[in-house]
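Asker: Input: one structure, supplied below.
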Amino acid sequence: MKIVEVKHPLIKHKIGLMRAADVSTKDFRALATEVGSLLTYEATSDLETEVVTIEGWNGPVEIERIKGKKVTVVPILRAGLGMMDGVLEHIPSARISVVGIYRNEETLEPVPYFKKLANDVGERLAIVVDPMLATGGSMIATLDLLKAAGCKQIKVLVLVAAPEGIKALEAAHPDIELYTAAIDSHLNENGYIIPGLGDAGDKIFGTK
């Protein structure tokens, strides 16, 4: 599995702001979008392009454009919605595929409850977004669903990843690519990433 910890100074700065105990909902939400945007820029650097001729202001001109059916962005409900707009800033024509997975707080196991994928999801690059890769259970369940639907090319974007989640994801789906803004120390006894960001979903939506 390709693992990329994107160490751009802007990303480091923004993740640092998100770690603050007193970060506001407004700021956390904006920062999640901004970091998602920066991760998207990195994750799409290898997209294949093709040369086409268009009518320019002064006659025909050759340009490059992304080749093929392009992209579907896959936010994992609900926290993944906080990163979705960051992807769409760069790829506004992307189809949106939504997967609902929540984590049972007692067993820490993923529980699927919703799936609505693009009709041609198997022909698209799937960019899966979720702020936290903790145990990896929710992400693995989501990738299982995508592959069952015919998805062949998948990139995962997360704000913060735990080593335990990375290891589990690599064991289950070694053929995908992972892009993260930070790889943190470990999971605590409750399955939260340390130092982490806290509950990203609650911070994005302003709930507790």
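Keep in mind that glycine also has a Cβ here, set from the backbone N, Cα and C atoms.
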Asker: Select one of Arg65, Arg95, Arg103: the residue that Swiss-Prot places in the 5-phospho-alpha-D-ribose 1-diphosphate site alongside Arg78, Asp130, Pro131, Met132, Leu133, Ala134, Thr135, Gly136, Gly137, Ser138, Asp199.
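Answerer: Candidate in the recorded 5-phospho-alpha-D-ribose 1-diphosphate site: Arg103.
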Asker: For the recorded uracil site formed by Ile193, Gly198, Asp199, Ala200, name the remaining residues of the chain with Cβ within 8 Å of the site's Cβ center, in chain order.
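Answerer: Close Cβ neighbours, site residues excluded: Pro131, Met132, Val160, Tyr192, Gly196, Leu197, Gly201, Asp202, Lys203.
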Asker: Rounded to an integer, what is the Cα-Cα distance in Å between Gly198 (uracil binding site) and Ala134 (5-phospho-alpha-D-ribose 1-diphosphate binding site)?
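Answerer: Ala134 (5-phospho-alpha-D-ribose 1-diphosphate binding site) has its Cα 11 Å from the Cα of Gly198 (uracil binding site).
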Asker: Taking each of the binding-site residues Gly136, Gly198 in turn and counting other Cβ atoms within 10 Å of its Cβ, which one has the fewest?
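Answerer: Each of the binding-site residues Gly136, Gly198 was scored by Cβ atoms within 10 Å; lowest is Gly198.
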Asker: Going by C-alpha distance, which of the binding-site residues Ile193, Asp199, Ala200 is nearest to Ala134 (5-phospho-alpha-D-ribose 1-diphosphate binding site)?
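Answerer: Of the binding-site residues Ile193, Asp199, Ala200, Ile193 has its Cα closest to that of Ala134 (5-phospho-alpha-D-ribose 1-diphosphate binding site).
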Asker: Quick one: of Ile193, Asp199, Ala200, which binding-site residues lie within 10 angstroms of Ser138 (5-phospho-alpha-D-ribose 1-diphosphate binding site), measuring between C-alpha atoms? Sequence order, please.
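Answerer: Within 10 Å Cα-Cα: none.
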Asker: If you measure Asp130 (5-phospho-alpha-D-ribose 1-diphosphate binding site) to Asp199 (uracil binding site) at Cα, how many Å is it?
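Answerer: Here the two Cα atoms lie 12 Å apart.
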